[in-house]
Amino acid sequence: MVPILLYSLMLLTMALNLLVIISISHFKQLHTPTNLLILSLAFSDFFVGIVACSHIQMSNNCWVFSDIICLLDSWLNLTITSCSIGNIVLISVDRYVAICDPLHYTNKITVRGVQICTSLCWLLSFLYNSLIMWDNFSLPNRFIPCIGSCVLFLNSIIGLIDFVVSFSGPVTVIIVLYMRVFVVAVSHARAMRSHVMQRRTEMVLIKKSELKAAKTLGVVVVVFLLCLFPSYGFNFSQQGGAANISKVSFEIWLFFFNSCVNPLIYAFYYPWFMKSVKIIVTFKVFKPDSCEARIL
């Protein structure tokens, strides 16, 4: 019964994130820097659904595939996690500039710039995790204690470096940036209520839209961190030895569950997402010039 529920969750994760990917990729009106960051995060969440399938198979604590497949699965898992964290950092930077330096946002944050940053995020994640797992790849059978297990070995030094680079460092940046965004957003709201700010209506509307985006993505960031902390706590407790990833823990599944939640957050806060989904599921997306549809 449990594997059926888990497979259903993973299929739902892939389906929901695929809708996000199609929406932002297809409709030109959604080709904004912020949405491109959401697109990159949706790709990593989609791949989480694929990787999680192997963990469902391991729910009986037995790995039936080869040792090489075990290492590739571990590498892909770590890489996708790094990409997700990197995307959240980029989203935090985007919201920081939009709220704290709105006059220069369009000059500092461009579509081209975001494309370069997200591409580097994925590339560096691939390279970094390849280096982290170098010992495991060089001698794939060295750390396998018994047949039917899938383990990942990280010595204490590499584990500590990974903890700083992949977790504590990025999380600190995310928290600091969003604390600053929160302070500016609160002061802006107070100024609006007291009628201190005298600006043109257009500028106020733009500011409100940016604040709404900051609120929505703030929810995404908070949920992500809540799901990430237990997972990295589990990983950190396994440092200095071989972590048996055949034993699927609640902490790991909590992180996987986060990938299913993000599209639901977009659906709740972003009207454009529900509009685009309606066009997609009714197959109107195949009509000529459907990419020009007014979504916003």
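Cβ atoms are placed via backbone N, Cα and C, with glycine included.
Feature annotations, courtesy of TrEMBL:
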- 6-24: transmembrane segment (TRANSMEM)
- 16-266: domain 'G-protein coupled receptors family 1 profile' (DOMAIN)
- 36-57: transmembrane segment (TRANSMEM)
- 113-131: transmembrane segment (TRANSMEM)
- 143-165: transmembrane segment (TRANSMEM)
- 171-192: transmembrane segment (TRANSMEM)
- 213-232: transmembrane segment (TRANSMEM)
- 252-270: transmembrane segment (TRANSMEM)
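Counting only same-chain residues 6+ beyond the ends of the transmembrane segment (6-24), those with a CB under 8 A from a CB of the stretch are 30-31, 35-36, 38-39, 42-43, 45-46, 48-50, 52-53, 56, 59, 253, 256-257, 259-260, 262-264, 266, 272-273, 276-277, 280, 285, 295. Using a cut-off of 8 Å between Cβ atoms, the transmembrane segment (252-270) and the transmembrane segment (36-57) share at least three residue pairs, counting only pairs 6 or more apart in sequence. Remote same-chain partners of the transmembrane segment (171-192), defined as residues 6 or more beyond its termini with a Cβ less than 8 Å from a stretch Cβ, comprise 85, 88-89, 92-93, 95-96, 99-100, 204, 207, 211, 214-215, 218, 221, 225, 228.
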